[in-house]
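Going by TrEMBL, these are the annotated features:
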TRANSMEM  B:6-29  transmembrane segment
TRANSMEM  B:36-55  transmembrane segment
TRANSMEM  B:67-86  transmembrane segment
TRANSMEM  B:98-118  transmembrane segment
TRANSMEM  B:138-162  transmembrane segment
TRANSMEM  B:191-212  transmembrane segment
TRANSMEM  B:224-250  transmembrane segment
TRANSMEM  B:262-280  transmembrane segment
Amino acid sequence: MPSASNPGPVITETIVVAPSAPVRPSWSKWVRITLLVVGAALVLAFPTIAPNPYILSAGVVILNYAVLSTGWNFMGGFTGYISLGHAAYFGLGAYGTALLIRNFALPSFLAWFVAALLVAIIAIPVGIAALRVRGASFVIVSIAFVLILLLVFQSWRDVTGGSEGLTVPRPFPDLLRPEHHRVFYYLFAALLAVALAVWWIIDRSKFGTALKSIREDEDKSQSLGVPTTQYKLIAYVLSAVFVSFGGGLYALWFGDLDPIFQFSILIGSYMVLMALLGGVRNLFGPLLGAVVVGSALEYFKLEFGDTQFHLIATGILLGVVVLFMPDGIIPAVKALFTRSSNQASIREVTAGELLEENRARSAETVPPRRPDASGEETP
Amino acid sequence: MSASLLLQAVILGVLLGGLYALLAAGLTLYFGIMRVVMIAHAAFLVLAAYLAWWINREMGIDPLLSLVVTVPLFFVIGVLIQRLLVSRLKPLTLTMMSVLLTFAVALVIEGGLGFLFTGTQRRIPLSYASDSLNLFGAQVPVVKLIAFGLAALSLALLFLLLKYTRFGQALRATIQHPEAARLVGINTDRVAGYGFGLGLATAAIGGTALSLDATIYPSLHWHWIGPLMAIIVVGGLGSIPGAAIAALVLGVAQSLLQLPMGPTWAQTVFYIALFLTLMFRPQGFFGGRLAKRF
């Protein structure tokens, strides 16, 4: 880190001083490992704990949400481009799987893979168009893409079955319903594990760092030689593929597709809400958000049935998260356990916070330097 | 297909385009002022239509009279949304977060409408609903003419307000360069709030016009927000004349395509235009650099 060798920051208009490296207590690592093991054990043991098949099916739905939201986070979390239209890839994955099985008699899980491949091919031109412009237009295209697919899948009756929906042949026709839920619960858990692993690998890679630099300041990132357009496109397609896997598995599990549900903007907004609520910068943020929001949604459906109450609740929750907790639960909880607010390393500080910090620094005549801030590289 | 049918389609397209233009002007205002993409615009449109329907049902007065209530009400709501919600967001992530915030507002409105009035489709019974005028051999419904007249009048008023009043100058200055506007003594926060109010007032007028001849239901706004957002991108984000031209062109195109393709497929013209615009001219066709026009 530059602050280690320099005698002291020169007082100019703007000084960029790397904040001191986070001092992680030694127990922190063990807490993480314990939490991970306990969490994984809870997820794997859920089918045996679940009192009845209904609760188990709710568990499958929540895991599905977790897969979708983690998939969304490849784009939203790394690059900061918020897509409200990822339901498009959920629907395409589901319908693609169903149509490939029905029309080409592919084996269920082969169809699932081929559908994801096709989605990747579709996502490339859409991504190129959407990423030509920043921010606002990207969101507009993402929403428009869902709306157009909804129109197409509702109107193109001959192929998609239109509003009557489409039944998907079951991959395991001789399984009883509770067993069916249990098998798909583990399939979804495995898919989630793969998505989390890939996210974790990218998070620690150079590619991931480049994506995060796009999130913080796209112009600077470009000027440092990051091929921003290509990287954004890769992240977008990767994200679409994982969401499509989630959709395809949903089709195989649920067995009945309806365009209004598959291509609903609401599904896309759930992905955003879950990821934001948990924390888009954290590996397990979307999963945590999916557990919270997914359980709440299942509860609302059970209690209030067909009323529009879940819409109001979703809207209010989204508004509260955006206004008061845009970084999510995980950073908020972490902040409870860490004393100083100045402990984050540079890559976990947003450009805005850094700017404010630097302003505060340049306002002081001599920036106080702590002796222990020797600038050790974070492990 | 006969010439009169074609003429009728063009006239209906222009009439529809007028309504699109008014609503797109509102969206353009929000974007110009604060780089906010207001997803809830169409939800407020449907809310205004519901208010017109409700006032008509409860008091039996003409839905056009509901404007007296809805326009000031929506203006106030717009100011409050800007002051209480949008201005609290961090400037760096404003565009993205404002999308989510206004999306949340749209969900609350849709859910609230469904909660209060159920999902049943509603329509205002009007004595003149089926009247039509004969224009050069084309049958044009009177209600569509009224809707267009309302939209055109409001657009003209908006134009005059922005172009010739002190407030309009202050608003345009705020759009062009907020810091410079503050330096010359403009209270940009207040002006931005009023700008939001104006934008939302267009939704009130548009919603009342819509309620005259459309069947309304809570989730209707999704069918409006897509085309409207396509229009503002094709026109060039931030340009009101660009949005108006794009609205008219796309409105006519939609109306013409309805003849061979039917209403559902004709809607795709908006999305195709959006896609092509982003591929070949991402800054939009008529706008150019942001907010240079007003």
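Yeah, the Cβs are placed from backbone N, Cα and C, and that goes for glycine too.
Curation plays no part in TrEMBL annotations; they are all automatic predictions.
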Please figure out which one of B:6-29, B:36-55, B:191-212 racks up the most CB pairs under 8 Å against the transmembrane segment (B:224-250).
B:6-29
Best-contacting stretch, by C-beta pairs under 8 Å, relative to the transmembrane segment (B:6-29) and drawn from B:36-55, B:67-86, B:98-118, B:138-162:
B:138-162
Please work out which recorded stretch in B:67-86, B:138-162, B:191-212 has the most C-beta pairs separated by under 8 angstroms from the transmembrane segment (B:36-55)?
B:191-212
Which sequence-distant residues neighbour the transmembrane segment (B:98-118)? Criterion: at least 6 residues beyond either end, Cβ under 8 Å.
34-44, 46-47, 50, 54, 81, 85-86, 89, 218-219, 221, 225
